[in-house]
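Here Swiss-Prot flags 41-112 as region 'N-terminal domain (NTD)', drawing on a curator's inference. If you look up Swiss-Prot, you'll see 46-79 marked as repeat 'TPR 2', on the strength of sequence analysis. Residues annotated as site 'Salt bridge that stabilizes NTD' in Swiss-Prot, with a curator's inference given as evidence: Arg50, Asp79. Taken from Swiss-Prot, the feature repeat 'TPR 3' applies to 80-113. Annotation source Swiss-Prot lists region 'C-terminal domain (CTD)' at 113-217. As annotated by Swiss-Prot, repeat 'TPR 4' applies to 114-147, with the evidence given as sequence analysis. Look at Swiss-Prot and you will find 148-181 tagged as repeat 'TPR 5'. Taken from Swiss-Prot, the feature repeat 'TPR 6' covers 182-215, and the record attributes it to sequence analysis.
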Amino acid sequence: MSSKPSDILDEVTLYAHYGLSVAKKLGMNMVDAFRAAFSVNDDIRQVYYRDKGISHAKAGRYSQAVMLLEQVYDADAFDVDVALHLGIAYVKTGAVDRGTELLERSLADAPDNVKVATVLGLTYVQVQKYDLAVPLLIKVAEANPINFNVRFRLGVALDNLGRFDEAIDSFKIALGLRPNEGKVHRAIAFSYEQMGRHEEALPHFKKANELDEGASV
């Protein structure tokens, strides 16, 4: 079976990546260096695939990230960064259950890792596991109080659990970070409505509509 062009390119990039370092260490000329690089060992290949896969995930190239990170993920020799970015890539490419499992294991392995907790908490909101999302996002919000997305999604989770006063508090903090976000005003209004506080909901509905109309002009 012939290799895909992208596979061949990655191989050539891998060999080129290490060609110069081989030449410097062994005093080879460039022809000899590239010849040596084509016999690159598995450890170097693993490092390259790991770094390249994580880079793909960070850049939003999730399918490419999955292809590379699956080759270096080892459940027995657990690497939190590999598991985190492979988990993100799985979620983004539709393999939500597999991604969530990896993120949960990542948090179990690194319970104080705020980035892992953030990603897992937001994933729980996405899959509507609000009871699991709330404690994680509260912890993350305390560690990173100016993260708009965390504050907003925490409000969404609280609202869906019927904890409307707490949801409004979280939405208002998010609104302080981004005053002109129409979706936050609308979320506050809906939370007020669900408590029967129509007069308090009305100005937020109006503001949301104004912002939406302004954005469409």
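Glycine residues also receive a Cβ, built from the backbone N, Cα and C atoms like all the rest.
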Distant-in-sequence neighbours of the repeat 'TPR 3' (80-113), which means Cβ under 8 A and at least six residues beyond its ends: 50, 53-54, 56-58, 60, 62-63, 65-66, 69-70, 72-73, 119-120, 123-124, 126-127, 136
Within the region 'N-terminal domain (NTD)' (41-112), residues counted as helix, strand or coil by DSSP: 55 helix, 0 strand, 17 coil
The repeat 'TPR 4' (114-147) - residue tally per DSSP class, helix then strand then coil: 27 helix, 0 strand, 7 coil
Folded-back contacts onto the repeat 'TPR 6' (182-215), same chain, C-beta under 8 angstroms, at least six residues removed: 152, 155-156, 159, 162, 164-165, 167-168, 171-172, 174-175
Helix, strand and coil totals (DSSP H, G, I; E, B; other) for the repeat 'TPR 6' (182-215): 31 helix, 0 strand, 3 coil
Helix, strand and coil totals (DSSP H, G, I; E, B; other) for the region 'C-terminal domain (CTD)' (113-217): 86 helix, 0 strand, 19 coil
Confidence summary for the repeat 'TPR 4' (114-147), mean pLDDT rounded: 96
Asp79 (site 'Salt bridge that stabilizes NTD'): tally of other CB atoms within 10 A of its CB: 17
